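Q: This is the feature table in TrEMBL:
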- 39-59: transmembrane segment (TRANSMEM)
- 71-93: transmembrane segment (TRANSMEM)
- 105-123: transmembrane segment (TRANSMEM)
- 158-177: transmembrane segment (TRANSMEM)
- 189-209: transmembrane segment (TRANSMEM)
- 229-247: transmembrane segment (TRANSMEM)
- 267-286: transmembrane segment (TRANSMEM)
- 312-338: transmembrane segment (TRANSMEM)
- 381-405: transmembrane segment (TRANSMEM)
- 417-439: transmembrane segment (TRANSMEM)
- 445-465: transmembrane segment (TRANSMEM)
Amino acid sequence: MTIMEKLHLNGKAPSVKSFNLPSSEGSGSQHDIRMKKELGLLEGVAIILGIIIGSGIFISPKGVVEEAHSVGLTLVIWSMTGVLSMIGAVCYAELGTTIPKSGGDYAYIYEAFGPLPAFLFLWDANVVFVPTTNAIMGLTFANYVVQPFFPTGCLPESAIRLIAAAAICFLTFLNCYDVRITTRMQNVFLIAKIGGLATVIIAGAVHLLNGNTENFQEPFKNSQTDYKNIALSFYSGIFSYAGWNYLNFMTEELKDPYKNLPRAIYISLPLATGIYVLANIGYMAVLTPAEILATDAIAVTFGDKVLGALSWIMPCFVALSTFGGLSVHIMTSSRLLFVGARQGHFPQMLSTINSTRLTPAPALAFLCFLSLFYLETTDIIGLIVYSSFVESSFIFLTVLGMLYLRWKKPYLERPIKVHIIIPIIFLLICGFLVVVPCFVRPIELGVGIAITLTGIPFYLIFIWWQPNFLSRVTTSTTAVVQKTFLSLKED
């Protein structure tokens, strides 16, 4: 059964026009409502950069320095994580053009290894790393909004949580209302992102040119040599580059994906890597490792030290940057849940689309609820380790699936085919990053593994077995959601 055939409810096209459950038959009928292909190359680049250049570069430097212990090793790690992300992105360019379906990793794992591993990815994505990332971005945004009002520290956690929750809810509503508003906003937010980082880069360069080079005189002094800590430092760097594969979640909404998907990747990743390395040089030129470790808002501390009366612009830049990154992350990650529900791996009501707005509102609302749950903690670095481990594990599985498909299905058309050594190198490095931290942060990683394993009984009961009473409940719930959205539309 194809993915499009799976879109039927009980084998029939839906009776409510407001929802997208198209089939392979009768395409073009009045019921075949799909999300539009309205994303071009510029939008694709803006989406990737919009996700990558979000909150990470303004919080992760502390995590990298904490494990690396030196300026030189910190810059090496930032460069290597950028190269690793580019290698992974090249592999995803092949996967995205070989399997041109929305859903990214979910679609690729399903094609390579079948429904259970794909479901476990979907389970972890929507229970762990997608809502966790939303929470991290929301908390970072809130931290930078509140920071100017509490210059001596002691930020009120309740206020931070409320601001983060308000941002997540507002952006979820905006994504439900119109995807075009979200994509157009990215142009504004991208200017803020680049403006903030350009300020760091230029101010750092000026600081260095004025002879303040003491932080670089012995760049590798006190460098961490324990490979376990180096692996953990990679996690913070990788988190800042997270999102390089998210355009693959929206392949069906991309114009000419065979050209625009790889082009967007090839343009975005080198730009992001160059900007990140230069920004960290700027940070390190002004702040010592001890000063970086002492702050939770590195850009604010940086601005206070070098910008004087203009220091207020840094929290503004960072808040806008993080807000924009959160917006586009909510938009792209909801498509993953939408595609999984369309395939029958999540409740069918999450695969519905409003015919007027052409947005997956139920999927967006569901992820919003889960993201709010993760605001219970404000330990951002702990959340980064927790989510990065799980996501890295499935990225490893996805690229492994790419090699498996080359062996098992060599007949598939591959508009882009990378050299075999590229995915092998990526798997070796990614495997190292997945295995080693298990000995350093066993509790966080154990929780991630436990959550993954809890998905197996859910799959066996709700997907494989599907008792009759559960089918009746889900069908009834879907009908209620349909009627509710239809009544809202008519009002």
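Just so it is clear, glycine is given a Cβ too, placed from its N, Cα and C backbone atoms.
Curation does not apply to TrEMBL; its annotations are automatic.
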Q: Counting Cβ pairs closer than 8 Å, which of 39-59, 71-93, 105-123, 267-286, 417-439 has the most of them with the transmembrane segment (229-247)?
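A: Looking only at 39-59, 71-93, 105-123, 267-286, 417-439, the most contacts with the transmembrane segment (229-247) come from 71-93.
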Q: Would you kindly check 39-59, 158-177, 312-338, 417-439 and say which stretch has the most C-beta pairs under 8 angstroms to the transmembrane segment (267-286)?
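A: It is 39-59 that shares the most Cβ pairs under 8 Å with the transmembrane segment (267-286).
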Q: Give the nonlocal contacts of the transmembrane segment (189-209) in its own chain as ranges (CB under 8 Å, at least six residues past its ends).
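A: Same-chain residues near the transmembrane segment (189-209) but 6 or more away: 46, 49-50, 53-54, 57-58, 216, 275, 278-279, 281-286, 299, 302-303, 306-307, 313-314, 316-318, 320-321, 323-325, 327.
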Q: Is the number of Cβ-Cβ pairs under 8 Å between the transmembrane segment (39-59) and the transmembrane segment (417-439) three or more, considering only pairs separated by 6 or more positions?
A: no
